[in-house]
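Colleague: What follows is a structure written as structure tokens; I'll ask about it next.
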Amino acid sequence: MPSLDELTISTIRGLSVDAVSAANSGHPGAPLGLAPAAHVVWQKMKFNPKDPNWINRDRFVLSNGHACALLYSLLVLYKFELTVDDLKQFRQLGFKTPGHPEATDTAGVEVTTGPLGQGISNAVGIAIAQKQFAATYNKPDITLSDSYVYTFVGDGCLMEGVSSETSSLAGHLQLNNLIAFWDDNRISIDGDTAVSFTENVPDRYRAYGWNVLEVPDANTNIEAIAAAVDEAKKSTDKPTLIRLVTTIGYGSLKQGSHDVHGSPLKPDDIKQLKKSWGFKEDVDFFIPEEVSEYLAKHVSENQKVQKEWEAKLAEYKKKYPTEGAEIQRRLDGKLPEGWKEYLPKYTPADKPLATRKLSENVINALHGKIPEFIGGSADLTGSNLTRAEGSVDFQPPSTGLGNYDGVYIRYGVREHGMGAIMNGIAAFGANYKNYGGTFLNFVSYAAGALRLSALSHHPVIWVATHDSIGLGEDGPTHQPIETLAHFRAIPNLSVWRPADGNEVSAAYAAAIESTSHPSVIALTRQNLPQLEGSSIENALKGGYTLVKKDNPDVIIVSSGSEVSISVAASEELAKQGVKANVVSLPDFFTFDQQSDEYRLSVLPDGVPILSVEVMSTFGWSKYSHEQFGLNRFGASGKAADLYKYFEFTPEGIAERAQKTIKYYEGKQLLSPLDRAF
């Protein structure tokens, strides 16, 4: 007679195999190998299926997201929102069991994973957020935050560069609340890992500053797995990597081979597995009653733990009313009342400044006003201007470099890691509004994480400075050309390119208020004038008419540093007897959400429209009839010389505006916005 633990593990394996079989698609190998570890970890975790967002829950992150049949089986067994019927519809359209875990679809899924290496990196971000939240609000007599984050990672996750970036930082930051389980099954899609992955992973992680524990028989030895978890939780100054030596597809006729990784098992294989577990061979999605009762007991215990925590929170609010009210506000997802009053406002009389400097002004203005507004830079603090005056770094207290309640994170030269960590910080909850700085061109290093930000609805903020050839002498290796076109093509991503101080404040206002999409704020190195006609209110529409003439002959639509040049071009055209409106379009995403009536009032029928932006013209045809941009790489030189060389001058723009007018003269012209669908 198998023990309850053995029966539960077999049930997890059975549900996972049946889900993949029902879909005729998926990955049965990892769930078969990892089921024992999953059972042990979930029995040690504190969580409440009826309140899956409880802030002090332990988090489980499946970095090897292809093994999601395992996670879905656990969510069914512990009675989250998922049901057996959802499992039966694994990987089918319209159900909560997609082919890789999606946090927006499925309660109990902490982060969206699939691209390998992202999950462990998100877990580092969750651990950072927990540390920061705990250090900010825990008191000597009341501990409100003491949760752990557990993550399962495969060989592929550890091959990806992003996991190296974030694991290195996790070791430096001494994140002892992070426990990672490496599924060392020695198999990749190409076959045995001997063909490509032969480094000493435990030694690598020790060098990062991690504890490393090993379970050599993780297919069956749940006592050893449990002991390893207990040992990991004793750590006071290191994250822990637990090496689980497993067999992929354990028990299958094809165990230990890459054939069992990403294809359903054959019917005869499934039958022999079920027979070995003592299950009926012809019964699918079998859940023994005693397993349900066993797991329900753990849930009941956890619900008591949450009630005790809620009583502790109530006591905390009485003893520490200011902090208690702040915690409740954050848990409610609300920002501090009146925070937008601190946003800087500008007039044309104010001196020209680089928009990166104007961004710094916003960060300084909001420092201390929004406690959950935290951020950092990928080793470019002095260039990105992302550190508020008087802020404390997020660092282990033992280093003497800061404290865990610090609000500024030194990410090092780890752009991709920074992006994935930012996603984890957002996923933690507590209304974190976190930002990361680098050069715009190097946000491309983090494209994988940025795409997942948008897919996951994480309202993270990228402070992306040095946004064009205007950065000058560093040359085309650093000058973005295709970057904004790429980012604007990502669904659910707001890409701001503000033209002056009011537009910078608007970009931050929108980004901080967002609860469902990330933002990239592209900022200049060079100084720009404060514009007549700009305002936070106007910019919050994503696009607006900055220079308005009656019955214009042409409209020049632009963004960022080219807006002021376009205004000068309008003045040049006026000398030539041409009336030119100038439209500032700092964010396509926000502008597209405005009413048709408003958008057509800005970019109307009957007037030729010329777009001007000193980078790729790709995407501008949606808003203009003709496009003036830079569809080649830049060059090294002084910014002013580059703008002149590429003809991004008032005269160069005016010349192209005249050509646009001439080309469309006498032609019936609809707005580019005027479309069938």
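In case you wondered, yes, glycine gets a Cβ from its N, Cα and C as well.
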Colleague: Look at the Mg(2+) binding annotation in Swiss-Prot, where ASN185, ILE187 are given, and name the residue from ASP146, ASP155, ASP217 listed for that site too.
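Modeller: Answer, per Swiss-Prot (Mg(2+) site with ASN185, ILE187), from ASP146, ASP155, ASP217: ASP155.
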Colleague: From HIS66, HIS298, HIS458, HIS486, grab the residue that Swiss-Prot records in the same thiamine diphosphate site as GLY114, PRO115, LEU116, GLY156, ASN185, HIS261, GLU415, PHE442.
Modeller: HIS66
Colleague: For the substrate site that Swiss-Prot gives with HIS27, HIS261, ARG356, SER383, HIS466, ARG525, which of ASP268, ASP269, ASP474 also belongs there?
Modeller: ASP474
Colleague: What residue among the binding-site residues ASN185, SER383 has the most other CB atoms lying within 10 A of its CB?
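Modeller: Neighbour-count leader: ASN185.
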Colleague: For the binding-site residues listed here (ARG356, HIS466, ARG525), which one has the lowest count of neighbouring CB atoms within 10 Å of its own CB?
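Modeller: The binding-site residues ARG356, HIS466, ARG525 were compared, and ARG525 has the fewest Cβ atoms within 10 Å.
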Colleague: What whole-number distance in angstrom separates the two most remote CA atoms of the substrate-binding residues HIS27, HIS261, ARG356, SER383, HIS466, ASP474, ARG525?
Modeller: 49
Colleague: Which one of the recorded positions (ASP155, GLU415, ASP474) has its C-beta surrounded by the most other C-beta atoms within 10 angstroms?
Modeller: GLU415
Colleague: Near PRO115 (thiamine diphosphate binding site), how many other Cβ atoms are within 10 Å of its Cβ?
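Modeller: The Cβ of PRO115 (thiamine diphosphate binding site) has 19 Cβ neighbours within 10 Å.
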Colleague: Across the record's thiamine diphosphate-binding residues HIS66, GLY114, PRO115, LEU116, GLY156, ASN185, HIS261, GLU415, PHE442, the largest CA-CA distance in angstrom?
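Modeller: Per the listed residues, the maximum Cα distance equals 35 Å.
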Colleague: Can you tell me the three-state DSSP label for GLY156 (thiamine diphosphate binding site)?
Modeller: helix
Colleague: Go through HIS66, HIS261, the listed binding-site residues, and name the one with the sparsest Cβ surroundings, counting other Cβ atoms within 10 Å.
Modeller: HIS261
Colleague: Should HIS466 (substrate binding site) be counted as helix, strand, or coil on the basis of DSSP?
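Modeller: Going by the DSSP assignment, HIS466 (substrate binding site) belongs to neither helix nor strand, so it counts as coil.
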